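Asks: Structure below; questions to follow.
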Amino acid sequence: MFRAAAPGQLRRAASLLRFQSTLVIAEHADDSLAPITLNTITAATRLGGEVSCLVAGTKCDKVAQDLCKVAGIAKVLVAQHDVYRGLLPEELTPLILATQKQFNYTHICAGASAFGKNLLPRVAAKLEVAPISDIIAIKSPDTFVRTIYAGNALCTVKCDEKVKVFSVRGTSFEAAATSGGSASSEKASSTSPVEISEWLDQKLTKSDRPELTGAKVVVSGGRGLKSGENFKLLYDLADQRHAAVGASRAAVDAGFVPNDMQVGQTGKIVAPELYIAVGISGAIQHLAGMKDSKTIVAINKDPEAPIFQVADYGIVADLFKVVPEMTEILKKK
């Protein structure tokens, strides 16, 4: 039996929504916005109330202009200074605290990337609140869902903190539309440089393949490949479909590939349209990082491998025969 909410309850709920306001911390590289920020904006809009976005950097005018066009954002706050080079958390934290104090935001969030995981615990500590990490759903302005036990269980968290600080798993929310918005832009609160650390340099690996967390197709290899040289089989296959290449923790620990390729609970979380797992047994830590993929194809010679339990399509065969055959077929198409 359902009971209609009393008019007083509805008025109180509407009043609470009017007072909700969320600050999204933008992750970017000065000239381009990190895709996970768009997913975070979508999560923020589900809280109700006004959504603002804070952009800090050295030359971030283009990113700020792009954010003004994103659907769901009411205001873009821009802070430009040399100390924000590299988006160091030591410098960003005072800026975020000053912005929160000025506008009295009820929620502060960022993507659950290395950037967000490095920044938000510091912000929460300064606000003297407990942060919530890696949320996958929002039930209400004070109730969030996150995974525990390597993704095998869901935990619903009710947060009574005065300011809710949380990071968002990008694969759990659609990206916000990059057009249709008309947000205003203004300068953020000025803060004095902390200067307890200095950004020196960053060298990015250049590749014709897409970035792992944003790719539509991912080909990942495990210990079954037996060596780093054999990962060339996956590179050849991936190049036929403009796919990214990942790896299991076992392959990374064995020294086959660098750890920036690791997919899993302690690596990167991916949810591509197609995920091809080659020579991966399917430890729960790996499954936690890829089980939200739309279609999963597993190739393993062991028919009892756990990876087949989550796969949509399974091939029980020797990967050293199957993968080259797949590559040749795709080359002809």
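Just so you know, glycine gets a Cβ as well, placed from its N, Cα and C.
Pulled the feature table from Swiss-Prot, pasting it below:
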{"type": "BINDING", "residues": "Arg223, Ser248, 263-266, 281-286, Asn300, 318-319", "note": "FAD binding site"}
{"type": "MOD_RES", "residues": "Lys59", "note": "N6-acetyllysine"}
{"type": "MOD_RES", "residues": "Lys59", "note": "N6-succinyllysine"}
{"type": "MOD_RES", "residues": "Lys62", "note": "N6-acetyllysine"}
{"type": "MOD_RES", "residues": "Lys69", "note": "N6-succinyllysine"}
{"type": "MOD_RES", "residues": "Lys101", "note": "N6-acetyllysine"}
{"type": "MOD_RES", "residues": "Lys139", "note": "N6-acetyllysine"}
{"type": "MOD_RES", "residues": "Lys164", "note": "N6-acetyllysine"}
{"type": "MOD_RES", "residues": "Lys187", "note": "N6-succinyllysine"}
{"type": "MOD_RES", "residues": "Lys203", "note": "N6-acetyllysine"}
{"type": "MOD_RES", "residues": "Lys226", "note": "N6-acetyllysine"}
{"type": "MOD_RES", "residues": "Lys232", "note": "N6-acetyllysine"}
{"type": "MOD_RES", "residues": "Lys301", "note": "N6-succinyllysine"}
{"type": "REGION", "residues": "20-204", "note": "region 'Domain I'"}
{"type": "REGION", "residues": "205-333", "note": "region 'Domain II'"}
{"type": "TRANSIT", "residues": "1-19", "note": "transit peptide"}
Asks: About how far apart, in whole Å, are the alpha carbons (Cα) of Leu319 (FAD binding site) and Lys203 (N6-acetyllysine)?
Replies: 34
Asks: Looking at the binding-site residues Val263, Gln265, Ala283, which has the shortest Cα distance to Lys301 (N6-succinyllysine)?
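Replies: Nearest candidate: Ala283.
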Asks: Find the one among the modified residues Lys62, Lys187, Lys226, Lys232 whose C-alpha lies closest to that of Gln265 (FAD binding site).
Replies: Lys226
Asks: Once near-sequence residues are set aside, which residues in the chain of Lys59 (N6-acetyllysine), 6 or more away, have Cβ atoms under 8 Å from its Cβ?
Replies: Asp30, Asp31, Gln80
Asks: Could you check which of the recorded positions Lys139, Lys187, Lys203, Arg223, Val263 is the closest Cα neighbour of Lys69 (N6-succinyllysine)?
Replies: Lys187
Asks: Just the number: how many Å between the Cα atoms of Lys164 (N6-acetyllysine) and Lys226 (N6-acetyllysine)?
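Replies: The Cα atom of Lys164 (N6-acetyllysine) is 46 Å away from the Cα atom of Lys226 (N6-acetyllysine).
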Asks: With Ala283 (FAD binding site) as the reference Cα, tell me which of the modified residues Lys187, Lys203, Lys226, Lys232 is the closest one.
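Replies: If we rank Lys187, Lys203, Lys226, Lys232 by Cα distance to Ala283 (FAD binding site), first place goes to Lys226.
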Asks: Let me check the 10 A CB neighbour count of Ser281 (FAD binding site). How many other CB atoms are there?
Replies: 19
Asks: Take the region 'Domain II' (205-333) and count its residues per DSSP category (helix H/G/I, strand E/B, coil), listing them in that order.
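Replies: Across the region 'Domain II' (205-333), the residues distribute as 46 helix, 25 strand, 58 coil.
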Asks: In DSSP terms, helix, strand or coil for Lys164 (N6-acetyllysine)?
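Replies: The residue in question, Lys164 (N6-acetyllysine), is strand (DSSP, three-state).
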Asks: So which of the binding-site residues is most packed in, judged by how many other Cβ atoms lie within 10 Å of its Cβ, out of Gln265, Gln285, Asn300?
Replies: Asn300
Asks: Measure the Cβ-based neighbour count of Arg223 (FAD binding site), defined as the other Cβ atoms within 10 Å of its Cβ.
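Replies: Excluding its own Cβ, the number within 10 Å is 17.
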Asks: Among the recorded positions listed here (Lys62, Lys101, Arg223, Lys226, Gln285), which has the Cα closest to the Cα of Lys232 (N6-acetyllysine)?
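Replies: It is Lys226, whose Cα lies nearest.
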Asks: Whole-number Å only: compute the distance from the Cα of Arg223 (FAD binding site) to the Cα of Lys187 (N6-succinyllysine).
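Replies: Lys187 (N6-succinyllysine) has its Cα 51 Å from the Cα of Arg223 (FAD binding site).
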